[in-house]
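Chemist: Straight from TrEMBL, here's the annotation block:
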type: SIGNAL; residues: 1-38; note: signal peptide
type: DOMAIN; residues: 89-149; note: domain 'Cadherin'
type: DOMAIN; residues: 177-261; note: domain 'Cadherin'
type: DOMAIN; residues: 262-369; note: domain 'Cadherin'
type: DOMAIN; residues: 382-479; note: domain 'Cadherin'
type: DOMAIN; residues: 480-583; note: domain 'Cadherin'
type: DOMAIN; residues: 584-689; note: domain 'Cadherin'
type: DOMAIN; residues: 693-787; note: domain 'Cadherin'
type: TRANSMEM; residues: 808-832; note: transmembrane segment
type: REGION; residues: 914-942; note: region 'Disordered'
type: COMPBIAS; residues: 929-942; note: compositional bias 'Polar residues'
């Protein structure tokens, strides 16, 4: 019609004369345009098992909506499915694109159907542009199901007298393939192929297949009484899927007649409203055998039992076929029942026949009415605004009658002064408003849609719809008081209750829903619950700044447009004790000496309270901890003192928490600070020897060891700190003749005098270890040195094990220095060969070297006073003229690689003309001077 009149002219007519427009569309247009042409249809082809979200089609583009609507309409219309329960597909409202949603399984959507067509009705909205698009989806099958036999193993028995190729064979239940016929079973195969049986495949009237296993050659039970092979079923896919069943055949000895039906097929007709247990037909089969071999029992084939066993039954003795449950013509018009007769003898071979049951239709289905309001809410009621114009859309009506012929035709009507039913397509209508609605006159309407079919005995269906008239917003909220008052304690917590306001609205629904709010400045101090009107403090308010606050509360409804009103709120701020005592520091650190008497002052903490006289009295106490038993605090002054004698070696630091609390009348406020107390050390612990000990205090020593030989290292420890823990070693007694010397700082014990004249002697040395505290403490330990000429030098393995145990570092260091000396000697030999003449002019002078060392050591602190024995008492003469200072022996800690400086010694006959190689501790040769002439020598020992 738009094409006849013109789009612009048609819009002007409908805008200026709406009544004429509606009259023309409702009465004239249906006469001019055939109904069939008004229906919009689309067809799409889709494979099953595609991914969720697969594109199906673009309804907006494919139906060419741009040719059906104006550009203004195209900008506002949208599409949706007419039914809400579409589970496998989604549609985009604006674009009209249909996509899959979730798994699309053809076998689940259209089971046992050669074709799978899904109908999706798409509605064009809003209602003033309503059209229904019939979308049909053709789901193509995929070969995703292999053939499956019901039983994994099938057993049969056969007489050995059976004649090959004669009579029917063993019936094998056919496999089930859920795919469409194109992908159903196409061929069978026996494996292995050399079995004495072959397959016979026959198609039945009900489109099922009968698989028979037929004897192909004679059997001899005495040669083989059992056969096992596989039956493989292949479907029509490429490549094909397959399923297998194991066949087990037992050879017996013979029942040679099988039941035979009088007819190969039977036909019978029943009405769809036939009663349950009604006999449909009786079939008879005869068996020429006698006894058990001639007794016949009846039953359905496995396919018939699976497909129709819930609808029909058969008496196994009489062959009577009867109805088990309701038969519905609308579900199926005809049923093919395959009946099997089998005698009760051994090696029974069944006979079969087909019963075709035709079902006639009766008018047993009344029209089915479905009302869809096309809203996001429930479909049990519809809603219309009270100011809606005439012909406003209310609901969509779909009618369906499952009967056929006149029984499936119907007429529908709606009799109401305010609403009408308008025809859309075959079986589809829409409900529109007939007059203006006023909610104040009537809020709810109940209308009935009546549909009656055209059968001889017509059936009628009445569907009721409740229509609610929705309100418009025409009343502002009203407070129940003009002024509200409240109280708030100063410094209240966030969320403290102040008061509550209340307003009501005479409208309904969202128009009567009220939200409360505060003006901008007051939102800093207060918050209001938008639903309940409860006012709470948003932040702490100081009464000394403001003792009263006034502001307005606004109530606004949720209508469109919203309406509002306001009320005054007065809040009084009440005073409280709101100032807690404050420490000037977050942490205090004090120190006190150990062993001080109980009550010794440690330090003082003070807190200040800014409240007035009533609230600023502060008391102090410790917060509970395991450290508080060692201290006490004066609750009035904050003075901390010791509560017991402290021992630094037990605990050297204490961590305390002090609480300052005021004396408010209703509640007290408090704060805390951390106090750390360090315990200073006093020299109250003597050194403790690590070596020697009571269990390890004896060393065996060869009388061949040279002067300066390191015997061992004395070790001790002190649990005090600093100078109080610094240990000085000395030999208290037992060092007869001054044969040994100990380094006071490092505890290194060395040979001081020549031991070669001692044959066997034990020195019981009493070692003293003193700390360096102001009040010096000392400890003693005994060390037994057994000097014996029978002890070889280097030491025997047993003695070396003892030395290694205590002086492992010394051994390693001596080995390194020895290796260095060997390298130096090799270099020296090379130089001597090259400068043989100079070597004679530079002979070694022991006396001059000793004097040079003495002059150098005059500035050496170790040589001038740090040695633990007197220099004058230890001077000797070389050749009876020049004294040599033995205190110049410089022995470092054994942990410092056991290196020694040059040591001036008085050695007889040390012209170095001959040398003797003596193994050192590491088993390597060591150069040692032998005596040839009188003189002095300076030897570097390693």
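All residue numbers here begin at 1 and follow the chain in the order shown.
In case you wondered, yes, glycine gets a Cβ from its N, Cα and C as well.
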Chemist: Is it the case that the domain 'Cadherin' (262-369) and the domain 'Cadherin' (89-149) touch, counting contact as three or more CB pairs under 8 Å in which the residues of each pair are 6 or more positions apart?
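Modeler: Contact absent: fewer than 3 Cβ pairs fall under 8 Å.
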Chemist: Go ahead and report the DSSP secondary structure tallies for the domain 'Cadherin' (480-583): helix first, then strand, then coil.
Modeler: 8 helix, 46 strand, 50 coil
Chemist: Would you mind splitting the domain 'Cadherin' (382-479) into helix, strand and coil residue counts from DSSP?
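Modeler: Across the domain 'Cadherin' (382-479), DSSP assigns the residues as follows: 4 helix, 53 strand, 41 coil.
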Chemist: What average pLDDT is reported by the model for the domain 'Cadherin' (584-689)?
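Modeler: Summing pLDDT over the domain 'Cadherin' (584-689) and dividing by its length gives 89.
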Chemist: By DSSP, how many residues in the domain 'Cadherin' (177-261) are helix, how many strand, and how many coil?
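Modeler: Residue counts for the domain 'Cadherin' (177-261) by secondary structure: 3 helix, 44 strand, 38 coil.
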